[in-house]
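Chemist: Under the heading transmembrane segment, TrEMBL lists 12-32, 570-590, 639-661, 707-731, 794-811, 823-842, 862-887. Among the features that TrEMBL reports, domain 'GPI inositol-deacylase PGAP1-like alpha/beta' is placed at 83-301. Annotation comment: TrEMBL describes 569-893 as domain 'GPI inositol-deacylase transmembrane'. Annotated region 'Disordered' per TrEMBL: 749-771, in sequence order. TrEMBL lists 754-765 with the feature compositional bias 'Basic residues'.
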Amino acid sequence: MFLHSVNLWNLAFYALMVFMATLGLWDVFFGFEENKCSMSYMFEYPEYQKIELPKKLAKRYPAYELYLYGEGSYAEEHKVLPLTGIPVLFLPGNAGSYKQVRSIGSIALRKAEDIDFKYHFDFFSVNFNGELVALYGGSLQKQTKFVHECIKTILKLYKGQEFAPKSVAIIGHSMGGLVARALLTLKNFKHDLINLLVTQATPHVAPVMPLDRFITDFYMTVNNYWILNARHINLTTLSVAGGFRDYQVRSGLTFLPKLSDHTSALSVVSSAVPKTWVSTDHLSIVWCKQLQLTTVRAFFDLIDADTKQITQNPKKKLSVLNHHFIRHPAKHFEENPSIISDLTGTSMWVPVKVSKWTYVAYNDTNSWIFGCINSTSMCRQGVDLSWKAELLPTIKSLTLRLQDYPSLSHLVVYVPSIHGSKFVVDCEFFKKETRSIQLPVTHLFSFGLSSRKVILNTSGLFYNIELLNFGQIYQAFKISVVSKCSAVKEEITSIYKLHIPWSYEDSLTIAQVPSTTEIPVKLHIAQPENDSHVALLKMYTSSDCQYEVTVKTSFSQILGQVVRFHGGALPAYVISSILLAYGGQLYSLFSTGHCLEYATMLDKEAKPYKVDPFVIMIKFLLGYKWFKELWDMCLLPELDAIVLTSQSMCFPLVSLILFLFGTCTAYWGGLLSSTSVRLLSSLWLALKRPSELPKEIKIISPDLPILTIVLIIVSWTTCGAFAILLTYFYYMFKIVHLQASLTTFKNSQTVNPKHSRRSEKKSNHHKDPAVHPLRLSANDAEDSLRMHSTVMNLLTWIVLLSMPSLIYWLKNLRYYFKLNPDPCKPLAFILIPTMALLGNTYTVSVKSSKLLKTTSQFPLPLAVGVIAFGSAHLYRVPCFVFIPLLLHALCNFM
């Protein structure tokens with residue numbers, strides 16, 4: 001029945017939308033590099049020593065605990081307090097475990113053993129009981145206050161020690177990083193209790209899924225505080241993102257806001273971190289060996305030799321983090337490096353006067369290139385230029401502009417005579433313009449059918465390919481690099497580095513040449529409006545090879561970007577489409593007396609031109625001061641489209657694409673719902689004797705008030721989402737029962753259908769509902785079933801959006817019987833009686849209502865409201881849904 005109401009063209013369209021959505025989902029969940037992270041292993045059995053908290057604190061937070069990580073002899077020695085090391089506190093994220101501290105804790109312990117425990121770190125970890133704080137924000141403030149108490153408890157463990165710490169370093173994974181930032185918003189919190197904050201895959205900008213107002217309020221409080229108090233916040237903060245492998249938290253959300261006053265914050269993607277160079281997923285970022293080694297090296301370089309604690313010097317902290325996470329010069333960190341070096345000794349002076357030069361040596365050194373100051377014959381003193389080098393996976397690279405060094409007479413490559421591992425020094429002089437090649441990217445709507453390419457014929461070692469017109473998040477390309485080499489006797493490696501100058505999200509591709517290498521190119525952060533830099537493909541090449549670089553648009557990756565950046569808004573577009581179909585059904589009932597099929601109305605009413613123009617018009621008018629003042633006077637919230645624009649997330653046509661995806665999802669969801677009802681009704685008929693259509697329609701049955709009161713009590717005493725779920729089951733039961741009754745009636749019908757339909761229409765037309773009770777005909781039952789199916793589709797999405805708080809409540813049921821605060825309680829109080837009435841509502845009881853016409857007109861503006869205010873704030877969506885449901889229920893009485 002459902003499929004029959006849709007023509008083949010529409011069915012083909014819905015199938016096409018499924019195919020396009022699948023392409024986008026595939027790119028998000030599978031279209032990335034393989035996991036190249038090495039697993040970090042413990043050398044000894046990990047132990048987690050529970051730190052005893054004050055009784056009042058333990059009673060106030062019964063679900064939370066504090067642990068000290070240790071292994072082997074270290075764990076045994078530190079069972080007797082106090083402690084003597086440097087405290088680091090690990091905060092797990094959404095559904096995270098306190099045991100995730102073991103990777104960095106173990107690596108730091110090995111590093112301390114290597115230096116005979118001259119310095120060592122004590123790693124503490126908080127057990128948040130695996131709370132789902134990314135889905136339910138009601139416990140974020142509670143977690144923040146508990147962490148504050150933990151910090152005070154940790155510092156007390158060092159009392160009486162010679163080098164007792166006065167602050168702790170914090171590593172926060174996922175939402176744990178946001179909780180750490182929220183500490184500064186507490187009234188009694190002293191900022192100097194934290195000396196360093198490192199966050200891993202933390203969504204700082206906005207929640208991944210804004211499913212309740214507690215999450216968005218928490219984000220607003222934290223981000224507003226950091227923006228307004230930027231001048232007074234001296235906390236050095238590092239945010240590390242996982243890159244495209246992390247599909248749970250897209251990397252764009254992890255970048256801390258760039259504030260002119262707050263210069264002690266760094267944000268970087270793991271693929272750009274020196275000595276890491278890999279993308280990590282949301283969980284592997286805490287155990288990825290390459291990244292944890294980098295983090296531990298930075299921690300040890302941050303130690304102040306005088307205090308034996310992490311330095312309080314903000315400049316040094318930022319220098320260390322830049323050294324290890326942004327640009328590594330292939331030298332050990334030095335706080336005050338000696339720039340001028342004496343080059344006297346037994347070194348042999350070998351002058352080289354050619355533009356290209358290669359030398360094979362057998363030992364490497366940290367300081368390897370110097371600039372001679374006013375030397376004529378032999379260099380005796382030089383400037384150490386090695387600090388300007390950049391470490392890459394298989395090479396150290398240094399590019400110098402000679403005009404920047406007018407006082408230098410020679411460039412000296414220092415090669416020690418001691419034998420060691422073999423390495424090759426390649427040097428060349430070139431003009432910048434000969435190695436900078438412009439390559440305009442292909443148009444967004446070329447769909448990969450056209451391409452542009454450049455051929456590198458010269459035998460250089462380095463090229464800059466400028467990717468012109470590339471700077472938006474909706475752009476995505478495939479770059480193919482074909483290398484052809486002549487007379488290659490040994491394996492040659494080329495490195496292709498995608499450099500994004502406006503954010504630290506570079507990625508590297510290592511290729512063995514000759515070969516064909518494909519590089520996916522897309523952005524985490526859009527280019528700022530006032531930024532004129534150009535994205536670059538830096539190619540470190542072999543002089544024996546020629547390279548052909550081709551760029552073309554990747555349609556699947558564009559769809560992936562739509563899903564990645566806007567997939568969270570899809571429920572709003574689905575519900576908007578269902579609301580439009582619902583309004584169409586109500587109007588058809590008012591105008592014709594019959595309710596059309598859900599799929600037919602979805603095809604007829606769910607059109608993007610009914611919604612998008614209004615949102616665009618409102619956004620345009622909000623640019624005028626008078627309209628903005630009127631808007632604020634009406635206490636209306638900020639338009640979601642403006643929020644997305646401020647985050648550089650506005651795609652061209654993205655709302656249209658999402659609306660089409662939403663309509664497609666609404667269609668297939670309706671098909672699944674209809675099929676489920678039919679299957680359940682068949683099961684009902686198989687298990688129980690056949691049901692009959694109700695002879696009399698009673699809107700308020702004797703058991704209805706009792707059921708409503710019981711469900712409201714459940715909502716008040718336990719969890720609003722739980723009561724909504726029970727209401728959903730009750731409503732589904734009513735629909736299944738009606739479907740079973742209609743099936744039974746049709747199977748037993750022996751009268752002429754036309755005569756039966758005519759007599760039913762006649763009897764219903766002359767019947768006064770105020771005098772005679774309403775009777776339900778087969779046609780009315782079918783109409784009612786169609787209407788109920790649409791209402792159930794809306795209710796299904798309300799249940800899905802309320803599920804996170806229900807899951808959170810069930811997970812913490814042993815600690816708290818009542819969810820507090822409860823984001824779904826107000827909604828439940830209104831929805832329960834509304835759905836109880838709708839469960840007993842039939843089209844015959846509302847088609848003559850004076851309120852029906854008005855009710856049929858409400859879904860359209862509400863569908864606009866869902867997109868305008870609910871696409872970036874999903875918790876608002878149910879508020880728009882229950883209004884037409886409530887009016888529909890009131891049609892029984894008016």
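Cβ from N, Cα, C; glycine included.
In TrEMBL, annotation is done automatically, which means it is predicted and not curated.
Each of the listed features needs to be described in terms of its position in the shown structure.
Modeler: Proximity of distant same-chain residues to the transmembrane segment (12-32), defined by a Cβ-Cβ separation under 8 Å and at least 6 residues beyond the stretch ends, is recorded for 6, 243-245, 247, 279, 520, 555-557, 559-564, 567, 660-661, 663-664, 667-668.
With a cut-off of 8 Å between Cβ atoms, the residues of this chain six or more beyond the transmembrane segment (570-590) that come close are 596, 598, 601-602, 604-607, 610-611, 658-659, 661-663, 665-666, 669-670, 783, 786-787, 790-791, 793-794, 797, 800-801, 843, 846-847, 852-853, 855-860, 862-864, 866-867, 870-871, 874, 877, 880-881, 884, 888.
Within its own chain, the transmembrane segment (639-661) has Cβ neighbours under 8 Å at 17, 20-21, 205-206, 252, 444, 473-474, 525-526, 528, 561-562, 565-566, 569-570, 573, 576-577, 608, 611-612, 615-616, 618-619, 622, 867-873, counting only residues six or more beyond its boundaries.
Counting same-chain residues at least six beyond the ends of the transmembrane segment (707-731), those with a Cβ under 8 angstroms from any Cβ of the stretch are 788, 791-792, 795-796, 798-799, 802-803, 805-806, 809, 817-819, 822-829, 831-833, 835-836, 838-839.
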